[in-house]
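**Student:** Attaching a single structure in structure tokens format; questions to follow.
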């Protein structure tokens, strides 16, 4: 991401962006004509630095959602836990939801802090093979609000990707904010040179969520971000007593399955509602070890295996 002029509007795409001087945010900016002429455009040196840092990371997976509250961060946390159950795999979880960092609590790491070493920022470890980094570790209190404009968020993401000392990692999972914002553009721009395996998009069955997922899919295609597949979360409730399934959020337009068929995207699986998932997130424990035989756990295992198979085929 290139520099942002001091007198730039709030949603300035950056002087080195392909949208510089052309996006709707540039209207009325005193720098518009200069940026549009490409006179300020220059490669961001951080891109090469990040590429070198990421050369130690085999697979990079972005977790996206069109709408907040569909369980994206919950999925990211459990994807990390599930991959890390293989003790031979090194797993890293990066939280770039700058204004709503929930990963520290979900991973049982609230109150932890980041330490500086000679080789960069040291991530916080949940297990010997599971490392986490989040802006939540930089706040004095979990209740502190992060009130930053786009350029400052982009700078934080750049620092995470360039300066965190992950070491050699098999899987880097990047938990992003909902929607398509500056954070998504920054991550894609910085990681493209290093190679992103793809994105997993999380949704719920109802149309109000699916309509935003369609936009997310279009975003991925426009920025040439491969789509690993879609996960339908909160997909029915299986009674633990009678094992009958009820549709708490009815898929009025066919749910994620029909959407994936229409848009030629893979459906990785459906995760049923389970109150214990929310409980495990609140207590910072792994759902896989707490309720290993629940229908939700079994669904997660199938989805995680499909993600691994996709990544291995891309090697």
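Any Cβ shown, glycine's included, is placed from N, Cα and C.
Keep in mind that this is a model prediction, so the values were computed, not measured.
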**Student:** Using Swiss-Prot as the reference, determine which range in 1-23, 24-46 is annotated region 'Disordered'.
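**Tutor:** Residues 1-23 are the ones Swiss-Prot records as region 'Disordered'.
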**Student:** Find the shortest Cα-Cα separation between residue 73 (ATP binding site) and the binding-site residues 12, 26, 29, 239, 242, and name the residue that gives it.
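**Tutor:** The answer is 239.
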**Student:** Counting across all protein chains shown, how many other Cβ atoms sit within 10 Å of the Cβ of residue 67 (ATP binding site)?
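**Tutor:** Around the Cβ of residue 67 (ATP binding site), 19 other Cβ atoms lie within 10 Å.
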**Student:** Which whole-number value in Å describes the distance between the Cα atoms of residue 70 (ATP binding site) and residue 242 ([4Fe-4S] cluster 2 binding site)?
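**Tutor:** Cα-Cα distance, residue 70 (ATP binding site) to residue 242 ([4Fe-4S] cluster 2 binding site): 26 Å.
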**Student:** Out of 12, 26, 29, 239, 242, which of these binding-site residues is nearest residue 66 (ATP binding site) by C-alpha distance?
**Tutor:** 12
